[in-house]
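S.K.: Right, I'll just put the structure down here and ask away after.
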Amino acid sequence: MKNEPIYNLLNSINSPDDLRRLEVDQLPEVCDELRQDIIKELSCNPGHFAASLGTVELTVALHYVYNTPYDRIVWDVGHQAYGHKILTGRREAFSTNRKLGGIRPFPSPEESEYDTFTCGHASNSISAALGMAVAAAKKGDDQRHVIAIIGDGSMSGGLAFEGLNNSSTTPNNLLIILNDNDMAIDRSVGGMKQYLFNLTTSNRYNQLRFKASRLLFKLGILNDERRKALIRFGNSLKSMAAQQQNIFEGMNIRYFGPIDGHDIKNLSRVLRDIKDLKGPKILHLHTIKGKGFAPAEKHATEWHAPGKFDPVTGERFVANTEGMPPLFQDVFGNTLVELAEANPRIVGVTPAMPSGCSMNILMSKMPKRAFDVGIAEGHAVTFSGGMAKDGLQPFCNIYSSFMQRAYDNIIHDVAIQNLPVVLCLDRAGLVGEDGPTHHGAFDMAYLRPIPNLTIASPMNEHELRRLMYTAQLPDKGPFVLRYPRGRGVLVDWKCPLEEIPVGKGRKLKDGKDIAVISIGPIGNKARSAIARAESESGRSIAHYDLRFLKPLDEELLHEVGRTFRHIVTIEDGTIQGGMGSAVLEFMADHEYTPTVKRIGIPDKFVQHGTVAELYQLCGMDEDSLTKELLKQCELLPDMSKIKELTN
């Protein structure tokens, strides 16, 4: 590769112990080399790019000042932790990041003792870190420090506020680092964003900040005891002057900052100075997402996970998609605009994922009818419920794995009142390289028991458009649409917007030996597998697209129960409690006794890899489905022998 970086210091760092042997004056060079290593690796092995560039100095400072892994670092989300992985002994394996069998996309305790808590979703770091701090205190370990790292985007989550509220009542060694870069994946939104901006820019606070900076400079010549005494005195002055305008100080959490999160020497010095102060503390850092790579600094959203690129020029290697089917996300976004143009009651809601779910299409064309509520899934659902209660028709788009966080809101604030909220579950099924925290495996199983819900999963883009149209018609109540990440199957995806009768599936193909019942896009793999199995076995296999998990198409299922002795169900959700379970229950309730083989995501947390690899791993790819259908064909009676016996 051109301009291959030279790592004079990074090559000698295999653990934080090696880092701590360096002089503080060497840390800027370590940061430069670490940043270049991240750029080099991710240019050819794609992952979460911009966030990790923004936390290089913070990562180095934490492992330099604190005695990790004895001291605990808890990352929020984990998008920003690649530097942490490299410094903690995983540099040689980093090229396997997010690959099947390779290191994991987010910090994981199963992978390293330096990864103290599983992450992937937002806003949980403060609560987890507080729990660790309390555990240390209960065990009499008053030397252990626990540090939570949370971004300003995650601070909009209710769980973060719950953790802050509880932290304020404990005397434990907890440090909360607020990594303020004005970004989640997209721009941060809401009152907390504005509050942090005001906290930084107010004249009154800047005066205090300037005085504190002068004081810290002078403290450099003092011994440790005097330094700590003066810091306590300075914090008392700051508290008296700023407590009324500082939400953290008002919650009895000592506030330090804001400081430049890219000044490694000063950051290390501040961490040392506040390290041994007892009680909960928060250090506010200003960082730049994408720091050190100009294209990422300028366009942080596009460079959140950019794919492959040239590490020198920044040119992104974008695949040629001409002639390919569209993304399900873009079909959703464009269809929503089409519906909103005809139905003035329609509004869109997303919790901090406007670009990921294509809600940004509605935002750009009808900005007053689209709402990014920040990382706040429960609020997004209840907010939608409130709008629906007074006559609007919300389309609330939340990734399937994140909708888990809003379960009570769905029941209490939408379903009980039978409110017409359309819950759009993006990223349903296996999502690939982000792994178990992000797979949309459980939605059918956890939503199926809730009364009043309609639950549908389209097989293709035409079905998605028609179901979206159906969902916004009068008197449909709460309506769930689940669809996968990635491309559909139809190049010509536009079709007339027509109503689909609620609870009605469809027969895709006649057959007489085996009935295959599928739901959602995996039905396309099932269709191909059926054709192959019929060709190899000579048997006749029927195919039904159930389309609706709730209400079930009872007429269709009665037909299947009366006609077939062998049924195969195929779904892209967990096998426990999903569509296959619903079919089994129906057959038992109506005293049909077929053999039912269920195919779906197994009862385990599926790790990371490409979507194709994971479908193969779970026995849900076309080849595996074909083999299973052939196995079922072998269980059928030999018709030639039956004919001989009857003659």
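Note: Cβ is positioned from N, Cα and C throughout, glycine not excepted.
According to Swiss-Prot, the protein carries these features:
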BINDING   His79, Gly120, His121, Ala122, Gly153, Ser154, Asn181, Phe293, Glu377  thiamine diphosphate binding site
BINDING   Asp152, Asn181  Mg(2+) binding site
S.K.: By Cβ count within 10 Å, point out the most packed of the binding-site residues listed: His79, His121.
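M.R.: That would be His79, with the highest Cβ count within 10 Å.
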S.K.: Could you tell me which three-state DSSP class Glu377 (thiamine diphosphate binding site) falls into?
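M.R.: Reduced to three states, the DSSP call for Glu377 (thiamine diphosphate binding site) is helix.
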S.K.: Can you tell me how far the Cα of His121 (thiamine diphosphate binding site) sits from the Cα of Asp152 (Mg(2+) binding site), in Å?
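M.R.: Answer for this pair: 14 Å between alpha carbons.
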S.K.: Identify, in sequence order, the residues in the chain of Asn181 (thiamine diphosphate binding site) that are 6 or more apart from it along the sequence and have a CB within less than 8 Å of its CB; answer 'none' if there are none.
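M.R.: For Asn181 (thiamine diphosphate binding site), the qualifying residues are Gly54, Gly151, Asp152, His286, Thr287, Ile288, Lys289, Ala300.
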S.K.: What is the maximum Cα to Cα distance, in Å and rounded to a whole number, among the residues His79, Gly120, His121, Ala122, Gly153, Ser154, Asn181, Phe293, Glu377 annotated as binding thiamine diphosphate?
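M.R.: 32 Å is the greatest Cα spacing among the residues binding thiamine diphosphate.
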S.K.: Here the binding-site residues are Asp152, Glu377; which one has the lowest number of other Cβ atoms no more than 10 Å from its Cβ?
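M.R.: Relative to the other binding-site residues in Asp152, Glu377, Asp152 has the fewest Cβ atoms within 10 Å.
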S.K.: Near the Cβ of Gly153 (thiamine diphosphate binding site), how many other Cβ atoms are there if near means within 10 Å?
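M.R.: Other Cβ atoms found within 10 Å: 31.
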S.K.: Three states by DSSP: which one describes Asp152 (Mg(2+) binding site)?
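M.R.: In three-state terms, Asp152 (Mg(2+) binding site) counts as coil.
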S.K.: Tell me, by DSSP, whether His79 (thiamine diphosphate binding site) is helix, strand or coil?
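M.R.: SS state of His79 (thiamine diphosphate binding site) = coil.
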